[in-house]
Amino acid sequence: MLQYPHINPVALQLGPIKIHWYGLMYLLGIFAGWYLTRYRAKVKPWAPIKPEQVGDLTFYVALGVILGGRIGYIIFYNLPYYFHNPSQMFFLWDGGMSFHGGFIGVLIAFALFARKIGANFFDLGEFIAPVIPIGLGAGRIGNFINGELWGKVTDSPLGMVFPTGGPLPRYPSQLFEFFFEGVVLFSVLWLVTIKKRPRYLVLGLFMFLYGCARFICEFFRQPDPQYGYIFFNWMTMGQILSIPMILLGAVILIAVFIKTRKNKCENI
């Protein structure tokens, strides 16, 4: 059995002001995304934005992630609770962010920013997709430090006892998601971007691979108590929300494949 490290969720306290690791992980993901996006804007001839525009894009994306992630969590996962406790909506440091809500928020941010600078929405998505897993991975580390979103009870050597998860060992599902949705997904997408490839291949891969990784990791994660299993006595809300991403990613990949076969797909 693994030992849970018991990290204080508060990284730094300055008088009454508490700086939480959860928030720092989001800041780390946003900063890393800004840095790599700026680098890509300098070296990629087809980049839909200029390096000096990356700061503004990062601001739009950060708002989309935070607002979309929080609103998505409230709507998708715990609406009755927040309806009766509206002040809790603003306590982001306690956790409670939805990737799928954040993804919708980012899509809206992309649409607004693309319209502002006159860029193509899908080109912008293709350009940003390789750096998104960094933020996903950082967020999962924040979940792990918070001791939330732990996995199912297990007798596996990978199990650990979480402070809020009862006395039995559980899968560290946050670390599984960090590895597959963060490390593996980033590595795959970044390697694909090194060489020329069909336009929108990376966008399709991101949506398809993330959806598959999340769907599989949900089998190790404890279902949300307010929902449990929604369909077939095994399907969770996270899996339901991942299915549209898998399907849309598959559609994009099939379209790219067909255009490539017909020599109608531009390589970038």
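Just so it is clear, glycine is given a Cβ too, placed from its N, Cα and C backbone atoms.
The annotation transmembrane segment is assigned in Swiss-Prot to 14-34 (among others). Through the fold, the transmembrane segment (14-34) approaches residues 7-8, 54-55, 58, 61-62, 65-66, 92-93, 95, 128, 131-132, 134-139, 141-143, 145-146 of its own chain, all at least 6 residues removed from its boundaries and within a Cβ separation under 8 Å.
Taken from Swiss-Prot, the feature transmembrane segment covers 57-77 (among others).
Under the heading transmembrane segment, Swiss-Prot lists 90-110 (among others), citing sequence analysis as support.
Same-chain residues lying 6+ beyond the ends of the transmembrane segment (117-137) with a Cβ under 8 Å from its Cβ atoms: 26, 29-30, 32-33, 36-37, 40-41, 44, 46-49, 53, 57, 61, 65, 99, 106-107, 110-111, 177-178, 181-183, 185-186, 189-190, 192-193, 199-200, 202-203, 205-206, 210, 268. Residues or ranges marked as transmembrane segment by Swiss-Prot on the basis of sequence analysis: 117-137 (among others).
What Swiss-Prot records for 174-194 (among others) is transmembrane segment.
For the transmembrane segment (200-220), same-chain residues at least 6 beyond its ends with a Cβ under 8 Å from one of its own Cβ atoms are 99, 122, 125-126, 129-130, 132-133, 136, 151-152, 171, 173, 176-177, 180-181, 184-185, 188-189, 192-193, 234, 236, 238-239, 242-246, 248-253, 255-256. The transmembrane segment annotation in Swiss-Prot covers 200-220 (among others) and is backed by sequence analysis.
Look at Swiss-Prot and you will find 238-258 (among others) tagged as transmembrane segment, backed by sequence analysis. Long-range Cβ contacts of the transmembrane segment (238-258) within its own chain (Cβ-Cβ under 8 Å, at least 6 residues beyond either end) map to 76, 98, 100, 103, 198-201, 203-212, 214-215, 218, 221, 230-231, 265.
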